[in-house]
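Below is one structure, written out as structure tokens, with a few remarks after it.
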Amino acid sequence: MSATPSTLVWAAAADPDLHAFADDPFWLILLKAVAVFAFLLLMTLFAIVFERKVVAKMQQRVGPNRHGPRGWLQSLADGAKLMLKEDLIPVLADKPIFILAPIVSAVPAFLAFAVIPFGPEVSIFGERTTLQLADLPVSVLYLLAAASLGVYGLILSGWSSGSTYPLLGSLRSAAQIISYEVAMGLAFVAVFIYAGTLSTSGIVAGQSGRWYIVLVPSFVLYCISMVGETNRTPFDLPEAEGELVGGFHTEYSSIKFAFFFLAEYINMVTVSAIATTLFLGGWQPPPIPGLSGLNSGWVPLIWFVLKLLAFLFFFIWLRGTLPRLRYDQFMSFGWKVLIPVGLVWVLAVATFRVYQKHVDDRTPWLVGFGVVVGILLIVALIDPGGARHQRELEEAEQRKLAEAPSLDRIPWPPPPQAAGRGRPAVSAGASANGSSTVIPADPGPRQER
């Protein structure tokens, strides 16, 4: 996740707005890389306990309260426990790939944070630098690529385990990432068309005084896609406990399992930071009169963390309130709703952007159109009680009954009124708990109609 000076010099040469990164000495780049790494680890430890406490509150439970003040060190205790547990490798596993898969899953989560701006220019040990590890002329594309690399770790873990359930979980994960990566990419396209730049620092600077929350459909599209991207409820199909035991990490234990756990929560922090950067102004304060002065020095870092925590609460809120979707519903929603809406919205943003550039400022029209498309998207999501799906099931059942041959069926267990017909039921003996096994009477040969 570190950036070399040559990379920064190349980026500065490609884009004059990035010249500040080329002036950073190597020790400062290394210091910022270590700070980003430590920030992600601390946010992961916090998010684990925060989630357990919030879900416990929603379920009227106490939650963790043993380790540390009010239980806030519970995640440290869990990490120590996982590191001390026995590390088991299945006999049928492909050992090199089995060991490498958790690392492949965790590393891309750190990489994406390299281009996230935490704050404006500050002074660190006398050196003026931006609170951002690095920036590129194509930072948004870098974010999209880094976010999609983690799926390789999930696929390798399922394939190398030598077990059926992990393999099914990894296949689900691949299909899920492919489906929702397209919708996420369409949300990104609308943002950088509207902003006119692919640089994350340029996008944040363009939101001074107004956030890109006006791109309502892109924001809704991204919020749904980021939940699917991180395999969180209600889109946690690759690790569905009731169907696949533990999913792709069923055969993992000890520190390898901890790596998957770490990757999941760092991905949550990363996609939350991307949403903050692209739609909520990044480190910029809210566009409220009186707060415009709180956008210099180290104060913007607080705004950034607060927005990050709001998105983490959004993840936890979804987990505590929504059930898991069925696999066919999940894939149908991605391909039939999200992607078409994203394509229409990108076309609308591009049209208005060209019209705005060559005619006059039509931002109010763009905002109004965004609100309309956002309302249509929300209406498309609403299916009270699954009524449409229930109708489809009933119609399918009626078709089956209509196509089935008309035969007399013997109900099981037999109804009480049929007890006197034919031979009486015979008891085959009592079981260990005192119950008896009943052999039904022979109804005799069936007569064809």
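Positions of Cβ are set from backbone N, Cα and C atoms, glycine also.
Features reported for this protein in Swiss-Prot:
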TRANSMEM  29-49  transmembrane segment
TRANSMEM  96-116  transmembrane segment
TRANSMEM  136-156  transmembrane segment
TRANSMEM  177-197  transmembrane segment
TRANSMEM  211-231  transmembrane segment
TRANSMEM  259-279  transmembrane segment
TRANSMEM  298-318  transmembrane segment
TRANSMEM  330-350  transmembrane segment
TRANSMEM  365-385  transmembrane segment
REGION    393-449  region 'Disordered'
COMPBIAS  393-402  compositional bias 'Basic and acidic residues'
COMPBIAS  418-436  compositional bias 'Low complexity'
Best-contacting stretch, by C-beta pairs under 8 Å, relative to the transmembrane segment (136-156) and drawn from 29-49, 259-279, 298-318: 259-279
Structural state census, the compositional bias 'Basic and acidic residues' (393-402) (DSSP three-state): 10 helix, 0 strand, 0 coil
The transmembrane segment (96-116) touching the transmembrane segment (211-231) per 3+ Cβ pairs under 8 Å rule: no
Residues from the same chain, set at least six apart from the ends of the compositional bias 'Basic and acidic residues' (393-402), whose C-beta lies under 8 A from its own: none
